[in-house]
Structures are given as C-alpha cells and as structure tokens.
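Feature annotations, reproduced from TrEMBL:
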BINDING   Glu71, Glu96, Asp123, Asp146  S-adenosyl-L-methionine binding site
BINDING   Lys150, Asp182, Thr214, Arg215, Phe216, Glu217  substrate binding site
Amino acid sequence: MSSVDHPYRTRIRSFTRRGGRMPPRHQVAYDALAPTYVIDVPRDGGSTTVDPAYSLDVADVFGRQAPLIVEVGPGSGDALIAGAKALPDTDFLALEVWQPGIGQCLSRLVEDPLPNLRFVEADAEVALATMLPAGSVAEVWTYFPDPWPKRRQQHRRIVRPEFADTVCRVLAPGGMWRLATDIEGYAAHMRALLDHHDSLEFVSTDRAPLRPVTRFERRGVAVGRDIADLNYRRRA
Ligand SMILES: C[S@@+](CC[C@H](N)C(=O)[O-])C[C@H]1O[C@@H](n2cnc3c(N)ncnc32)[C@H](O)[C@@H]1O
C-alpha cells in the first residue's frame, strides 16, 4: 500500500489545528526545550501523523525501564505535570497535536525539569495504534477530550470503537484507562461503549488519584455541569 492510500490519510480527525501562535514566553521555552522533551518522530505526509512504520524505543528515550503512563491530549499539561512530579519512578509520554499547549507545558519545565516526561507532537490515534509495542503501557489518561457537542460533529469524538481498540492494544493486562469529561452525553457514550468492550472491565467512577482540577473542569462546574470520571481495567 502506498502512503497516499494509507487508511490513516482519510481518517476522521478528533481535532482541528487551532491557533498556531504561542505567547512569546511559551515560544522561548518551546525553542529551548523541545530538543530535550519533544521526540522527533518521522512523519507520514501530514504534520500530525507519525509514520505508521515507526516504533518508539521507550527505554532508550528515558534511559531506563519504568512503568509508562500515556496522556492523550494533555493540553496545557496540568494533569501531566502534576503526575510526572508525583511519580518520579514512572515515565510519562504525552501525545498532543496542539503545539501551543506543548509550549505552555515546556514553559513550566524551565525552572523545574522533569526527566521522566516526553512529548510526541502528533495525533494520538495514529501514534498509539502503531508507535508503541502491544501491552507496554501501565495507564492511559484521556481527560476532558474535545467534546464536539453538535450532533453532526459527534462522530469526531476521540472515544470511539477504533480508539478503544487502540488503547486496549497498548495497555498491559491490568493496566488502567482513566477518562474524565464534563459533557453528560459524552460520559454516557463512553460508558455505553467501554462497559461492553471485551477487553475492558469497568472499575469505578472515582476521581483519578492524580487528576488535578483543570481549566476545563472549572469551566464545566461554573456552568453547572457534573464531572464524570471513569476508570477501566484492561482484562488479562
Ligand atoms: C479540551 S482539551 C483538554 C486538555 C487537558 N486534557 C485538560 O483536561 O485540561 C483536549 C486536548 O486534546 C487534544 N487532542 C484532541 N485530539 C487529539 C488527538 N487525536 N491526538 C492528540 N491530542 C489531541 C487537543 O489539542 C486539546 O489540547
């Protein structure tokens, strides 16, 4: 199959590339720290698509063997940075398409480096499907994924059957998928899909231990929305 007709080329994207410009402080941090923290992956045409033939050698990247947590769409990185600080013996890989978000995260690492954290600036759906070995991830975090609230856009929500299969592929047996959303219909959709997934076992609606209150959570609470936390375990 040529790269032109590769299925990843015609997939439905869960994101639009928004506002490319960063505040100067974030740009300075991005320019200084991206060579250390942002893994330079080969691309398959589109700038957000990791070449599906590429495998990431995680132990080589971090220089050790350690449990790995992957965050899908960390945005400005509140949960990611809190997690990486709290668990220095765990490695964190953040998959984010929004470069200004990565810039903002990096601006927080200028004074406070985190050797157990790396970013891949790419579409997580493709990166997770191809870049990491099966069963290699201890946890996947998907907090406040883009809600795509309009009915005609809902097919773009990242939590859909193919993505659930992708997450299950990378999770180790017993590994956890932790999700949160403030959109009632999205939470119901997650439950309807994931409760019946053959490879997942529903665990709880408890708030994830390391999940801090983020801008998205505050915004949802301010307009009277309930926050749904969902925790699933990868079956052995
Ligand atoms: C609503 S924000 C939430 C950010 C963060 N998780 C939080 O709770 O504050 C969703 C984030 O997911 C990112 N995103 C959406 N689709 C993605 C994809 N396919 N791969 C990687 N990141 C994605 C967006 O760029 C955005 O930063």
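In case you wondered, yes, glycine gets a Cβ from its N, Cα and C as well.
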Long-range Cβ environment of Asp182 (substrate binding site), under 8 Å and at least 6 residues apart: Phe144, Pro147, Phe216, Glu217, Arg219, Gly220, Val221, Arg225, Asp226, Ile227, Ala228
Integer Å distance between the CA atoms belonging to Asp146 (S-adenosyl-L-methionine binding site) and Arg215 (substrate binding site): 13
Binding-site residues whose CB lies under 6 angstroms from ligand 1, from Glu71, Lys150, Asp182, Glu217: none
Lowest local Cβ density among Glu96, Glu217, which the record lists as binding-site residues, within 10 Å: Glu217
Inter-residue C-alpha distance, Lys150 (substrate binding site) and Asp123 (S-adenosyl-L-methionine binding site) (nearest angstrom): 22
Site with most surrounding Cβ atoms, counting all protein chains shown within 10 Å, from the binding-site residues Glu71, Asp146: Glu71
In three-state DSSP terms, the structure that Glu71 (S-adenosyl-L-methionine binding site) belongs to: strand
Surrounding CB atoms that lie within 10 Å of the CB of Lys150 (substrate binding site), all protein chains: 8
Assigned element (helix, strand, coil) containing Glu217 (substrate binding site), judged by DSSP: helix
